[in-house]
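Engineer: Quick paste of what TrEMBL says about this protein:
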- 100, 102, 157: Mg(2+) 2 binding site (BINDING)
- 100, 102: Mg(2+) 1 binding site (BINDING)
- 100, 101, 102, 157, 221, 230, 239, 240: ATP binding site (BINDING)
- 7-207: domain 'Poly(A) polymerase nucleotidyltransferase' (DOMAIN)
- 212-359: domain 'Poly(A) polymerase central' (DOMAIN)
- 361-591: domain 'Poly(A) polymerase RNA-binding' (DOMAIN)
- 1-20: region 'Disordered' (REGION)
- 450-518: region 'Disordered' (REGION)
- 582-619: region 'Disordered' (REGION)
(Lines of atoms letter the chains of each structure in order from A and count residues from 1; the text may use other names and numbers.)
(Lines give C-alpha, C1' and ligand atoms only; values in the text may rest on other atoms or scores of the structure.)
Protein backbone atom coordinates (compact mmCIF):
# COMPACT_ATOMS: atom_id res chain seq x y z
CA UNK A 1 0.00 0.00 0.00
CA UNK A 2 1.47 3.34 -1.07
CA UNK A 3 1.95 6.14 1.42
CA UNK A 4 -0.38 9.12 1.35
CA UNK A 5 1.01 12.08 -0.58
CA UNK A 6 0.39 15.38 1.19
CA UNK A 7 0.05 18.61 -0.76
CA UNK A 8 -0.20 19.53 -4.42
CA UNK A 9 3.22 18.13 -5.39
CA UNK A 10 5.25 15.05 -4.41
CA UNK A 11 7.72 15.45 -1.52
CA UNK A 12 11.22 16.74 -2.15
CA UNK A 13 12.68 14.18 0.24
CA UNK A 14 11.29 11.35 2.38
CA UNK A 15 14.63 10.54 3.97
CA UNK A 16 14.66 9.55 7.63
CA UNK A 17 16.44 11.84 10.12
CA UNK A 18 20.19 11.53 10.69
CA UNK A 19 21.75 11.45 14.15
CA UNK A 20 22.91 15.06 13.70
CA UNK A 21 19.37 16.17 12.81
CA UNK A 22 18.00 14.39 15.87
CA UNK A 23 20.53 16.16 18.08
CA UNK A 24 19.62 19.51 16.51
CA UNK A 25 15.96 18.71 17.15
CA UNK A 26 16.57 17.98 20.83
CA UNK A 27 18.50 21.23 21.12
CA UNK A 28 15.62 23.13 19.48
CA UNK A 29 13.14 21.65 21.95
CA UNK A 30 15.35 22.63 24.89
CA UNK A 31 15.78 26.18 23.55
CA UNK A 32 12.03 26.65 23.06
CA UNK A 33 11.55 25.48 26.65
CA UNK A 34 14.17 27.95 27.83
CA UNK A 35 12.49 30.72 25.82
CA UNK A 36 9.24 30.13 27.73
CA UNK A 37 7.08 29.14 24.77
CA UNK A 38 5.38 26.28 26.63
CA UNK A 39 2.65 26.87 29.18
CA UNK A 40 2.60 25.13 32.55
CA UNK A 41 0.10 22.26 33.07
CA UNK A 42 -1.67 24.34 35.72
CA UNK A 43 -2.31 27.20 33.28
CA UNK A 44 -3.43 24.77 30.57
CA UNK A 45 -5.89 23.21 33.00
CA UNK A 46 -7.17 26.69 33.74
CA UNK A 47 -7.91 27.20 30.05
CA UNK A 48 -9.82 23.92 29.91
CA UNK A 49 -11.89 24.98 32.92
CA UNK A 50 -12.71 28.30 31.25
CA UNK A 51 -13.78 26.48 28.06
CA UNK A 52 -16.12 24.18 30.01
CA UNK A 53 -17.66 27.24 31.66
CA UNK A 54 -18.13 28.90 28.27
CA UNK A 55 -19.89 25.78 27.01
CA UNK A 56 -22.39 25.93 29.90
CA UNK A 57 -22.93 29.65 29.34
CA UNK A 58 -23.46 29.01 25.61
CA UNK A 59 -26.10 26.35 26.29
CA UNK A 60 -27.97 28.74 28.59
CA UNK A 61 -27.65 31.53 26.02
CA UNK A 62 -29.24 29.39 23.29
CA UNK A 63 -32.05 28.33 25.65
CA UNK A 64 -32.82 31.96 26.49
CA UNK A 65 -32.74 32.87 22.82
CA UNK A 66 -35.18 30.03 22.10
CA UNK A 67 -37.49 31.20 24.90
CA UNK A 68 -37.39 34.72 23.49
CA UNK A 69 -38.05 33.48 19.96
CA UNK A 70 -40.80 30.93 20.66
CA UNK A 71 -41.77 31.08 24.36
CA UNK A 72 -44.49 28.42 24.00
CA UNK A 73 -42.44 25.89 22.06
CA UNK A 74 -41.29 23.62 24.91
CA UNK A 75 -39.79 21.08 22.48
CA UNK A 76 -37.54 23.74 20.95
CA UNK A 77 -36.52 25.12 24.34
CA UNK A 78 -35.82 21.70 25.84
CA UNK A 79 -33.52 20.72 22.98
CA UNK A 80 -31.84 24.11 22.63
CA UNK A 81 -28.09 24.06 23.01
CA UNK A 82 -25.00 25.58 21.41
CA UNK A 83 -21.41 24.58 20.86
CA UNK A 84 -18.08 26.28 21.51
CA UNK A 85 -15.18 25.71 19.12
CA UNK A 86 -11.67 27.09 19.30
CA UNK A 87 -9.42 28.07 16.43
CA UNK A 88 -5.97 29.57 15.93
CA UNK A 89 -3.01 28.74 18.17
CA UNK A 90 -5.04 27.02 20.89
CA UNK A 91 -6.69 24.62 18.49
CA UNK A 92 -3.38 24.02 16.72
CA UNK A 93 -1.86 23.12 20.09
CA UNK A 94 0.91 25.73 19.88
CA UNK A 95 -0.28 28.26 22.45
CA UNK A 96 2.04 29.63 25.10
CA UNK A 97 1.89 31.66 28.32
CA UNK A 98 -0.44 34.63 27.95
CA UNK A 99 -1.78 33.56 24.55
CA UNK A 100 -5.26 34.69 23.58
CA UNK A 101 -7.95 32.07 23.09
CA UNK A 102 -9.81 32.46 19.81
CA UNK A 103 -13.26 30.96 20.30
CA UNK A 104 -16.44 30.56 18.27
CA UNK A 105 -20.01 30.18 19.54
CA UNK A 106 -22.15 28.11 17.17
CA UNK A 107 -25.94 28.23 17.51
CA UNK A 108 -29.03 26.96 15.64
CA UNK A 109 -30.61 28.98 12.84
CA UNK A 110 -33.15 30.83 14.99
CA UNK A 111 -30.51 32.55 17.17
CA UNK A 112 -29.61 36.00 15.84
CA UNK A 113 -26.51 38.18 16.08
CA UNK A 114 -28.63 40.77 17.89
CA UNK A 115 -29.53 38.22 20.57
CA UNK A 116 -25.85 37.32 20.85
CA UNK A 117 -24.91 40.88 21.74
CA UNK A 118 -28.05 41.52 23.81
CA UNK A 119 -27.89 38.35 25.94
CA UNK A 120 -24.40 36.85 25.97
CA UNK A 121 -22.35 39.64 27.65
CA UNK A 122 -24.70 39.89 30.67
CA UNK A 123 -24.90 36.11 30.87
CA UNK A 124 -21.10 35.90 31.02
CA UNK A 125 -21.02 38.09 34.11
CA UNK A 126 -24.01 36.29 35.63
CA UNK A 127 -22.76 32.71 35.26
CA UNK A 128 -18.98 33.10 35.63
CA UNK A 129 -17.46 33.19 39.13
CA UNK A 130 -17.71 36.65 40.75
CA UNK A 131 -15.04 38.99 39.40
CA UNK A 132 -13.80 36.47 36.80
CA UNK A 133 -14.95 38.52 33.80
CA UNK A 134 -13.01 41.73 33.21
CA UNK A 135 -12.38 44.16 30.32
CA UNK A 136 -15.63 43.09 28.67
CA UNK A 137 -16.57 44.98 25.54
CA UNK A 138 -18.57 44.13 22.45
CA UNK A 139 -17.72 45.14 18.89
CA UNK A 140 -20.94 44.45 16.94
CA UNK A 141 -19.92 46.71 14.03
CA UNK A 142 -16.73 44.82 13.20
CA UNK A 143 -16.55 42.95 9.88
CA UNK A 144 -16.61 39.79 12.00
CA UNK A 145 -18.66 40.86 15.08
CA UNK A 146 -16.84 39.96 18.28
CA UNK A 147 -17.03 40.05 22.07
CA UNK A 148 -13.69 40.57 23.81
CA UNK A 149 -13.06 39.93 27.50
CA UNK A 150 -10.75 38.35 30.03
CA UNK A 151 -11.93 35.30 31.92
CA UNK A 152 -9.83 34.58 35.02
CA UNK A 153 -6.94 36.45 33.40
CA UNK A 154 -7.22 34.61 30.05
CA UNK A 155 -7.88 36.90 27.08
CA UNK A 156 -10.83 35.65 25.01
CA UNK A 157 -11.93 36.72 21.54
CA UNK A 158 -15.43 35.29 21.05
CA UNK A 159 -17.15 35.33 17.66
CA UNK A 160 -20.57 33.95 16.70
CA UNK A 161 -22.32 32.08 13.92
CA UNK A 162 -25.78 30.53 13.63
CA UNK A 163 -26.07 27.56 11.25
CA UNK A 164 -28.90 28.33 8.84
CA UNK A 165 -29.42 24.67 7.88
CA UNK A 166 -29.91 23.38 11.44
CA UNK A 167 -32.82 24.06 13.77
CA UNK A 168 -31.12 21.97 16.45
CA UNK A 169 -27.39 21.23 16.72
CA UNK A 170 -26.31 17.56 16.83
CA UNK A 171 -25.63 16.06 20.27
CA UNK A 172 -22.61 14.01 19.15
CA UNK A 173 -19.46 15.08 21.00
CA UNK A 174 -17.28 14.60 17.91
CA UNK A 175 -19.52 16.73 15.65
CA UNK A 176 -17.39 19.20 13.70
CA UNK A 177 -17.75 21.97 11.14
CA UNK A 178 -16.00 20.35 8.16
CA UNK A 179 -19.17 19.68 6.14
CA UNK A 180 -19.37 22.36 3.43
CA UNK A 181 -23.18 22.25 3.57
CA UNK A 182 -23.00 24.05 6.91
CA UNK A 183 -22.07 27.18 4.93
CA UNK A 184 -25.40 27.34 3.11
CA UNK A 185 -27.26 30.58 3.66
CA UNK A 186 -24.39 32.32 5.46
CA UNK A 187 -23.11 35.81 4.71
CA UNK A 188 -19.41 36.41 3.98
CA UNK A 189 -18.59 37.47 7.56
CA UNK A 190 -20.47 34.41 8.90
CA UNK A 191 -18.48 32.16 6.56
CA UNK A 192 -15.28 33.78 7.82
CA UNK A 193 -16.39 33.15 11.41
CA UNK A 194 -16.98 29.46 10.74
CA UNK A 195 -13.84 29.05 8.64
CA UNK A 196 -11.51 29.94 11.51
CA UNK A 197 -12.12 26.50 13.01
CA UNK A 198 -12.48 24.78 9.64
CA UNK A 199 -9.10 26.06 8.42
CA UNK A 200 -7.32 25.11 11.65
CA UNK A 201 -8.67 21.55 11.52
CA UNK A 202 -7.79 21.20 7.84
CA UNK A 203 -4.19 22.34 8.43
CA UNK A 204 -3.71 19.63 11.05
CA UNK A 205 -5.26 17.09 8.68
CA UNK A 206 -2.88 18.03 5.87
CA UNK A 207 0.49 17.65 7.64
CA UNK A 208 2.24 14.25 7.70
CA UNK A 209 3.36 14.41 11.37
CA UNK A 210 1.34 16.82 13.55
CA UNK A 211 3.85 16.67 16.43
CA UNK A 212 6.71 17.66 14.09
CA UNK A 213 4.64 20.48 12.66
CA UNK A 214 3.66 21.82 16.08
CA UNK A 215 7.24 22.11 17.36
CA UNK A 216 8.37 23.72 14.09
CA UNK A 217 5.54 26.30 14.10
CA UNK A 218 6.38 27.20 17.71
CA UNK A 219 9.88 28.06 16.53
CA UNK A 220 8.71 30.06 13.50
CA UNK A 221 6.09 31.96 15.52
CA UNK A 222 8.69 32.93 18.11
CA UNK A 223 11.09 34.01 15.38
CA UNK A 224 8.44 36.08 13.55
CA UNK A 225 7.38 37.79 16.79
CA UNK A 226 10.96 38.58 17.78
CA UNK A 227 11.66 40.03 14.32
CA UNK A 228 8.42 42.09 14.38
CA UNK A 229 6.99 40.50 11.21
CA UNK A 230 3.94 38.92 12.86
CA UNK A 231 0.69 40.94 12.66
CA UNK A 232 -1.99 40.50 10.02
CA UNK A 233 -3.67 43.84 10.72
CA UNK A 234 -0.44 45.76 10.03
CA UNK A 235 0.46 44.00 6.80
CA UNK A 236 2.43 40.96 7.97
CA UNK A 237 1.38 37.30 7.98
CA UNK A 238 -0.67 36.33 11.02
CA UNK A 239 -0.48 33.08 12.95
CA UNK A 240 -2.55 31.05 10.48
CA UNK A 241 -0.49 32.24 7.48
CA UNK A 242 2.83 31.35 9.14
CA UNK A 243 1.31 27.97 10.10
CA UNK A 244 0.33 27.25 6.49
CA UNK A 245 3.84 28.07 5.28
CA UNK A 246 5.34 25.67 7.82
CA UNK A 247 2.71 23.05 6.95
CA UNK A 248 3.71 23.26 3.27
CA UNK A 249 7.35 22.60 4.16
CA UNK A 250 6.24 19.63 6.29
CA UNK A 251 4.48 18.23 3.21
CA UNK A 252 7.68 18.54 1.20
CA UNK A 253 9.78 16.77 3.90
CA UNK A 254 7.32 14.30 5.47
CA UNK A 255 9.90 12.36 7.52
CA UNK A 256 12.03 15.30 8.69
CA UNK A 257 12.55 16.47 12.26
CA UNK A 258 11.18 19.80 13.42
CA UNK A 259 14.69 21.24 13.37
CA UNK A 260 15.18 20.36 9.71
CA UNK A 261 11.69 21.69 8.89
CA UNK A 262 12.69 25.04 10.42
CA UNK A 263 15.88 25.14 8.37
CA UNK A 264 14.10 24.15 5.15
CA UNK A 265 11.37 26.69 5.88
CA UNK A 266 13.87 29.55 5.62
CA UNK A 267 15.59 28.16 2.54
CA UNK A 268 12.35 27.43 0.67
CA UNK A 269 10.40 30.57 1.61
CA UNK A 270 13.38 32.83 0.84
CA UNK A 271 13.48 31.45 -2.72
CA UNK A 272 9.72 31.03 -3.18
CA UNK A 273 8.68 32.37 -6.64
CA UNK A 274 6.00 34.82 -5.49
CA UNK A 275 3.25 35.47 -6.49
CA UNK A 276 2.96 31.68 -6.95
CA UNK A 277 0.57 30.81 -4.11
CA UNK A 278 1.37 28.56 -1.17
CA UNK A 279 -1.25 25.78 -1.33
CA UNK A 280 -1.77 22.84 1.04
CA UNK A 281 -4.31 21.24 -1.34
CA UNK A 282 -5.92 21.99 -4.67
CA UNK A 283 -8.42 24.85 -4.57
CA UNK A 284 -12.02 23.67 -4.72
CA UNK A 285 -14.00 25.49 -7.40
CA UNK A 286 -17.56 25.02 -8.63
CA UNK A 287 -19.32 24.36 -5.31
CA UNK A 288 -22.71 26.06 -4.97
CA UNK A 289 -23.11 26.01 -1.18
CA UNK A 290 -22.16 29.68 -0.80
CA UNK A 291 -21.82 32.75 -2.98
CA UNK A 292 -18.65 33.85 -1.19
CA UNK A 293 -15.92 34.19 -3.81
CA UNK A 294 -13.15 31.61 -3.97
CA UNK A 295 -9.63 33.00 -4.48
CA UNK A 296 -9.03 33.08 -8.22
CA UNK A 297 -6.51 35.49 -9.77
CA UNK A 298 -7.66 34.50 -13.27
CA UNK A 299 -11.06 36.08 -12.59
CA UNK A 300 -10.58 38.69 -9.88
CA UNK A 301 -8.11 41.58 -10.42
CA UNK A 302 -7.80 42.14 -6.67
CA UNK A 303 -6.53 38.57 -6.26
CA UNK A 304 -3.92 39.20 -8.97
CA UNK A 305 -2.58 42.07 -6.87
CA UNK A 306 -1.71 39.83 -3.91
CA UNK A 307 2.05 39.93 -3.55
CA UNK A 308 2.56 36.98 -1.22
CA UNK A 309 -0.55 34.75 -1.53
CA UNK A 310 -0.97 32.04 1.08
CA UNK A 311 -4.29 30.28 0.49
CA UNK A 312 -6.50 28.69 3.13
CA UNK A 313 -7.28 25.01 2.47
CA UNK A 314 -10.96 25.00 3.51
CA UNK A 315 -13.73 25.93 1.11
CA UNK A 316 -14.14 28.72 0.12
CA UNK A 317 -10.38 29.22 -0.19
CA UNK A 318 -9.21 32.75 0.62
CA UNK A 319 -5.89 34.58 0.71
CA UNK A 320 -4.67 34.87 4.31
CA UNK A 321 -2.05 37.46 3.35
CA UNK A 322 -4.00 39.97 1.25
CA UNK A 323 -2.74 42.71 3.61
CA UNK A 324 0.93 42.15 2.76
CA UNK A 325 2.32 45.09 0.78
CA UNK A 326 5.60 45.87 -0.94
CA UNK A 327 7.49 47.12 2.11
CA UNK A 328 6.26 44.47 4.52
CA UNK A 329 7.14 41.77 1.99
CA UNK A 330 10.63 43.27 1.63
CA UNK A 331 11.03 43.26 5.43
CA UNK A 332 9.93 39.60 5.58
CA UNK A 333 12.41 38.62 2.87
CA UNK A 334 15.22 40.46 4.64
CA UNK A 335 14.50 38.53 7.82
CA UNK A 336 14.19 35.24 5.91
CA UNK A 337 17.63 35.82 4.40
CA UNK A 338 19.20 36.29 7.83
CA UNK A 339 17.26 33.28 9.19
CA UNK A 340 18.54 31.11 6.35
CA UNK A 341 22.18 31.89 7.17
CA UNK A 342 21.68 31.36 10.91
CA UNK A 343 19.81 28.03 10.62
CA UNK A 344 22.28 26.69 8.03
CA UNK A 345 25.05 27.23 10.58
CA UNK A 346 22.91 25.80 13.39
CA UNK A 347 22.37 22.57 11.45
CA UNK A 348 26.16 22.35 10.95
CA UNK A 349 26.64 22.68 14.71
CA UNK A 350 28.36 26.07 14.49
CA UNK A 351 25.73 28.20 16.28
CA UNK A 352 23.12 27.69 19.01
CA UNK A 353 19.36 27.96 18.40
CA UNK A 354 19.11 31.05 20.57
CA UNK A 355 20.83 33.02 17.80
CA UNK A 356 17.71 32.57 15.65
CA UNK A 357 15.50 34.24 18.25
CA UNK A 358 17.40 37.46 18.84
CA UNK A 359 15.25 40.58 18.99
CA UNK A 360 14.65 42.95 16.07
CA UNK A 361 16.60 46.20 15.70
CA UNK A 362 13.65 48.27 14.45
CA UNK A 363 14.24 51.13 16.88
CA UNK A 364 17.93 50.75 17.70
CA UNK A 365 19.66 50.58 14.31
CA UNK A 366 16.85 49.92 11.84
CA UNK A 367 16.12 53.41 10.53
CA UNK A 368 17.15 57.06 10.71
CA UNK A 369 13.66 58.40 10.06
CA UNK A 370 10.23 57.44 11.36
CA UNK A 371 6.62 58.48 11.08
CA UNK A 372 4.44 57.99 14.12
CA UNK A 373 0.66 57.80 13.81
CA UNK A 374 -0.87 59.05 17.07
CA UNK A 375 -4.51 58.27 17.81
CA UNK A 376 -5.83 59.84 21.03
CA UNK A 377 -9.09 60.03 22.98
CA UNK A 378 -10.44 61.62 26.13
CA UNK A 379 -11.65 58.34 27.64
CA UNK A 380 -10.52 54.73 27.60
CA UNK A 381 -13.59 53.27 25.92
CA UNK A 382 -13.44 55.74 23.05
CA UNK A 383 -9.70 55.08 22.62
CA UNK A 384 -10.23 51.32 22.43
CA UNK A 385 -12.51 51.80 19.42
CA UNK A 386 -10.59 54.66 17.81
CA UNK A 387 -7.11 53.16 18.14
CA UNK A 388 -8.31 49.79 16.80
CA UNK A 389 -9.83 51.52 13.79
CA UNK A 390 -6.72 53.62 13.10
CA UNK A 391 -4.50 50.54 13.49
CA UNK A 392 -6.57 48.72 10.86
CA UNK A 393 -5.86 51.59 8.45
CA UNK A 394 -2.11 52.07 9.05
CA UNK A 395 -1.29 49.60 6.28
CA UNK A 396 -3.18 51.87 3.85
CA UNK A 397 -0.86 54.73 4.77
CA UNK A 398 2.09 52.37 4.25
CA UNK A 399 0.71 51.46 0.81
CA UNK A 400 0.68 55.17 -0.12
CA UNK A 401 4.23 55.60 1.20
CA UNK A 402 5.33 52.63 -0.90
CA UNK A 403 4.41 54.63 -4.00
CA UNK A 404 6.42 57.72 -3.01
CA UNK A 405 9.44 58.19 -5.29
CA UNK A 406 11.76 59.15 -2.42
CA UNK A 407 10.93 56.16 -0.19
CA UNK A 408 12.72 52.86 -0.67
CA UNK A 409 11.07 51.14 2.31
CA UNK A 410 8.21 52.04 4.68
CA UNK A 411 8.15 49.35 7.35
CA UNK A 412 5.47 49.49 10.06
CA UNK A 413 6.26 48.17 13.51
CA UNK A 414 4.02 45.24 14.33
CA UNK A 415 2.26 46.70 17.37
CA UNK A 416 1.17 50.00 18.85
CA UNK A 417 2.30 51.64 22.09
CA UNK A 418 -0.53 52.55 24.45
CA UNK A 419 0.06 55.41 26.88
CA UNK A 420 -1.93 57.35 29.49
CA UNK A 421 -1.33 61.06 30.13
CA UNK A 422 -2.68 63.40 32.81
CA UNK A 423 -3.19 66.93 31.58
CA UNK A 424 -4.32 70.20 33.10
CA UNK A 425 -5.84 72.62 30.67
CA UNK A 426 -6.23 72.72 26.92
CA UNK A 427 -2.57 73.55 26.31
CA UNK A 428 -1.44 70.30 27.98
CA UNK A 429 -4.03 68.31 26.03
CA UNK A 430 -2.96 69.84 22.74
CA UNK A 431 0.69 69.08 23.50
CA UNK A 432 -0.16 65.45 24.27
CA UNK A 433 -2.27 65.01 21.15
CA UNK A 434 0.66 66.37 19.16
CA UNK A 435 3.04 63.71 20.49
CA UNK A 436 4.49 65.22 23.68
CA UNK A 437 5.22 62.81 26.54
CA UNK A 438 5.59 65.59 29.13
CA UNK A 439 2.41 64.45 30.89
CA UNK A 440 2.85 60.70 30.39
CA UNK A 441 2.10 58.51 33.43
CA UNK A 442 4.29 55.42 33.59
CA UNK A 443 2.47 52.04 33.57
CA UNK A 444 3.88 51.01 36.95
CA UNK A 445 2.40 54.15 38.54
CA UNK A 446 -1.03 53.34 37.12
CA UNK A 447 -0.72 49.71 38.22
CA UNK A 448 0.14 50.79 41.78
CA UNK A 449 -2.83 53.16 41.85
CA UNK A 450 -5.20 50.50 40.57
CA UNK A 451 -3.91 48.03 43.15
CA UNK A 452 -4.40 50.55 45.96
CA UNK A 453 -7.92 51.32 44.73
CA UNK A 454 -8.81 47.63 44.54
CA UNK A 455 -7.55 47.08 48.09
CA UNK A 456 -9.54 50.09 49.31
CA UNK A 457 -12.70 48.88 47.56
CA UNK A 458 -12.23 45.41 49.03
CA UNK A 459 -11.78 46.83 52.52
CA UNK A 460 -14.90 48.98 52.15
CA UNK A 461 -16.87 46.00 50.83
CA UNK A 462 -15.81 43.92 53.84
CA UNK A 463 -16.85 46.69 56.22
CA UNK A 464 -20.17 47.52 54.54
CA UNK A 465 -22.35 44.62 55.83
CA UNK A 466 -21.28 45.23 59.40
CA UNK A 467 -22.03 48.96 59.09
CA UNK A 468 -25.48 48.24 57.65
CA UNK A 469 -26.24 45.79 60.48
CA UNK A 470 -25.18 48.38 63.04
CA UNK A 471 -27.37 51.03 61.39
CA UNK A 472 -30.38 48.71 61.38
CA UNK A 473 -29.81 47.83 65.03
CA UNK A 474 -29.52 51.52 65.94
CA UNK A 475 -32.78 52.37 64.19
CA UNK A 476 -34.55 49.49 65.90
CA UNK A 477 -33.30 50.39 69.39
CA UNK A 478 -34.04 54.09 69.15
CA UNK A 479 -37.24 54.18 67.18
CA UNK A 480 -38.85 50.83 67.76
CA UNK A 481 -40.17 48.94 64.76
CA UNK A 482 -38.88 50.44 61.52
CA UNK A 483 -41.32 52.44 59.41
CA UNK A 484 -42.86 51.01 56.29
CA UNK A 485 -40.26 51.09 53.53
CA UNK A 486 -40.78 53.57 50.74
CA UNK A 487 -39.83 51.94 47.41
CA UNK A 488 -36.15 52.67 46.56
CA UNK A 489 -35.93 55.27 49.33
CA UNK A 490 -32.69 53.83 50.74
CA UNK A 491 -31.19 53.52 47.27
CA UNK A 492 -31.90 57.06 46.12
CA UNK A 493 -31.63 59.24 49.20
CA UNK A 494 -27.93 60.02 48.77
CA UNK A 495 -27.57 59.17 45.09
CA UNK A 496 -25.84 61.59 42.74
CA UNK A 497 -28.01 63.13 40.03
CA UNK A 498 -28.45 60.80 37.08
CA UNK A 499 -26.89 61.61 33.72
CA UNK A 500 -29.44 62.55 31.08
CA UNK A 501 -31.00 59.54 29.39
CA UNK A 502 -31.62 58.82 25.74
CA UNK A 503 -34.88 57.60 24.23
CA UNK A 504 -34.14 53.99 25.17
CA UNK A 505 -32.96 54.77 28.68
CA UNK A 506 -29.25 54.71 27.93
CA UNK A 507 -26.89 57.35 29.27
CA UNK A 508 -26.70 60.18 26.76
CA UNK A 509 -23.09 61.12 26.08
CA UNK A 510 -23.67 64.09 23.79
CA UNK A 511 -21.24 66.99 24.32
CA UNK A 512 -23.97 69.37 25.46
CA UNK A 513 -24.81 66.99 28.31
CA UNK A 514 -21.24 66.93 29.63
CA UNK A 515 -20.65 69.29 32.61
CA UNK A 516 -18.78 72.50 31.85
CA UNK A 517 -15.04 71.98 31.59
CA UNK A 518 -12.99 72.93 34.63
CA UNK A 519 -9.65 74.29 33.35
CA UNK A 520 -7.91 73.34 36.61
CA UNK A 521 -9.18 69.75 36.66
CA UNK A 522 -6.83 66.92 35.71
CA UNK A 523 -7.88 65.12 32.53
CA UNK A 524 -6.66 61.71 31.37
CA UNK A 525 -5.77 61.46 27.69
CA UNK A 526 -5.24 58.03 26.12
CA UNK A 527 -2.90 57.67 23.16
CA UNK A 528 -1.69 54.88 20.88
CA UNK A 529 1.41 55.36 18.73
CA UNK A 530 2.17 53.28 15.64
CA UNK A 531 5.67 53.71 14.21
CA UNK A 532 6.70 53.38 10.58
CA UNK A 533 10.40 53.18 9.76
CA UNK A 534 11.39 55.06 6.60
CA UNK A 535 14.35 54.20 4.39
CA UNK A 536 14.95 56.81 1.70
CA UNK A 537 16.22 56.18 -1.80
CA UNK A 538 19.82 57.04 -2.44
CA UNK A 539 20.52 60.78 -2.93
CA UNK A 540 17.07 61.82 -1.69
CA UNK A 541 17.42 65.37 -0.34
CA UNK A 542 13.88 66.14 0.80
CA UNK A 543 10.66 64.35 1.59
CA UNK A 544 7.21 65.86 1.14
CA UNK A 545 4.57 63.57 2.65
CA UNK A 546 1.83 66.17 3.01
CA UNK A 547 -0.46 64.59 0.42
CA UNK A 548 -0.10 61.05 1.79
CA UNK A 549 -0.60 62.26 5.37
CA UNK A 550 -3.58 64.47 4.59
CA UNK A 551 -5.30 61.77 2.54
CA UNK A 552 -4.83 59.27 5.35
CA UNK A 553 -6.17 61.65 7.98
CA UNK A 554 -9.17 62.54 5.83
CA UNK A 555 -9.98 58.86 5.33
CA UNK A 556 -9.86 58.14 9.07
CA UNK A 557 -11.79 61.12 10.38
CA UNK A 558 -14.50 60.77 7.71
CA UNK A 559 -15.51 57.44 9.26
CA UNK A 560 -18.58 57.40 11.53
CA UNK A 561 -16.49 56.09 14.42
CA UNK A 562 -14.64 59.42 14.68
CA UNK A 563 -16.03 61.89 17.25
CA UNK A 564 -14.42 65.31 17.01
CA UNK A 565 -15.09 66.23 20.65
CA UNK A 566 -13.44 63.02 21.92
CA UNK A 567 -10.80 61.94 19.43
CA UNK A 568 -7.74 63.24 17.61
CA UNK A 569 -5.31 61.96 14.98
CA UNK A 570 -1.81 63.33 14.49
CA UNK A 571 1.07 62.18 12.30
CA UNK A 572 4.55 63.23 13.31
CA UNK A 573 8.03 62.90 11.80
CA UNK A 574 10.85 61.74 14.10
CA UNK A 575 14.56 61.20 13.81
CA UNK A 576 15.84 58.03 15.48
CA UNK A 577 17.37 59.96 18.41
CA UNK A 578 13.95 61.57 19.06
CA UNK A 579 12.21 58.25 19.71
CA UNK A 580 10.66 58.01 23.21
CA UNK A 581 12.50 55.96 25.79
CA UNK A 582 9.70 53.45 26.37
CA UNK A 583 10.05 51.88 22.90
CA UNK A 584 13.45 50.56 24.01
CA UNK A 585 13.69 47.51 26.23
CA UNK A 586 16.28 47.08 29.01
CA UNK A 587 19.72 46.58 27.50
CA UNK A 588 18.91 48.35 24.23
CA UNK A 589 20.81 51.52 23.36
CA UNK A 590 18.91 54.52 22.07
CA UNK A 591 20.53 56.13 19.01
CA UNK A 592 22.46 59.26 20.09
CA UNK A 593 21.94 62.69 18.65
CA UNK A 594 24.66 63.29 16.04
CA UNK A 595 27.19 65.96 16.94
CA UNK A 596 27.18 68.22 13.89
CA UNK A 597 26.92 71.85 13.09
CA UNK A 598 23.39 72.98 12.33
CA UNK A 599 24.16 73.86 8.72
CA UNK A 600 25.78 70.52 7.99
CA UNK A 601 22.86 68.69 9.57
CA UNK A 602 20.35 70.56 7.40
CA UNK A 603 22.33 69.89 4.23
CA UNK A 604 22.91 66.20 4.94
CA UNK A 605 21.84 64.16 1.86
CA UNK A 606 18.72 62.09 2.52
CA UNK A 607 17.48 64.25 5.37
CA UNK A 608 13.82 65.38 5.09
CA UNK A 609 13.64 69.13 4.63
CA UNK A 610 12.73 71.06 7.76
CA UNK A 611 9.75 72.63 6.03
CA UNK A 612 8.30 69.18 5.30
CA UNK A 613 8.82 67.96 8.86
CA UNK A 614 6.57 70.75 10.03
CA UNK A 615 3.98 70.00 7.35
CA UNK A 616 3.93 66.34 8.28
CA UNK A 617 3.47 67.04 11.97
CA UNK A 618 0.75 69.53 11.30
CA UNK A 619 -0.98 67.23 8.89
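Even glycines carry a Cβ here, placed using N, Cα and C.
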Engineer: Can you tell me which parts of the same chain pack against the region 'Disordered' (1-20), counting only residues 6+ beyond its ends and a CB-CB cutoff under 8 A?
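Structural biologist: Beyond its ends, the region 'Disordered' (1-20) has Cβ neighbours at 206-208, 248, 250-257, 260, 279-282, 347, 349.
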Engineer: Let me check the 10 A CB neighbour count of residue 157 (Mg(2+) 2 binding site). How many other CB atoms are there?
Structural biologist: 18
Engineer: Residue 239 (ATP binding site) to residue 102 (Mg(2+) 2 binding site): how many Å between their Cα atoms?
Structural biologist: 12
Engineer: For the binding-site residues 100, 102, which one has the sparsest Cβ surroundings, going by other Cβ atoms within 10 Å?
Structural biologist: 100
Engineer: Roughly how many Å lie between the Cα atoms of residue 157 (Mg(2+) 2 binding site) and residue 221 (ATP binding site), rounded to a whole value?
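Structural biologist: Distance between the two Cα atoms comes out at 20 Å.
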Engineer: My understanding is the cutoff is Cβ-Cβ under 8 Å with a sequence separation of 6 or more in the same chain; which residues meet that for residue 230 (ATP binding site)?
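Structural biologist: Listed in sequence order, they are 221, 224, 236, 237, 238, 239, 242, 414.
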Engineer: Compare all C-alpha positions of 100, 101, 102, 157, 221, 230, 239, 240, the record's ATP binders, and send over the largest distance in angstrom.
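Structural biologist: The two farthest binding residues have Cα atoms 20 Å apart.
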Engineer: In whole Å, how far does the CA atom of residue 240 (ATP binding site) lie from that of residue 100 (Mg(2+) 2 binding site)?
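Structural biologist: Just about 14 Å between their Cα atoms.
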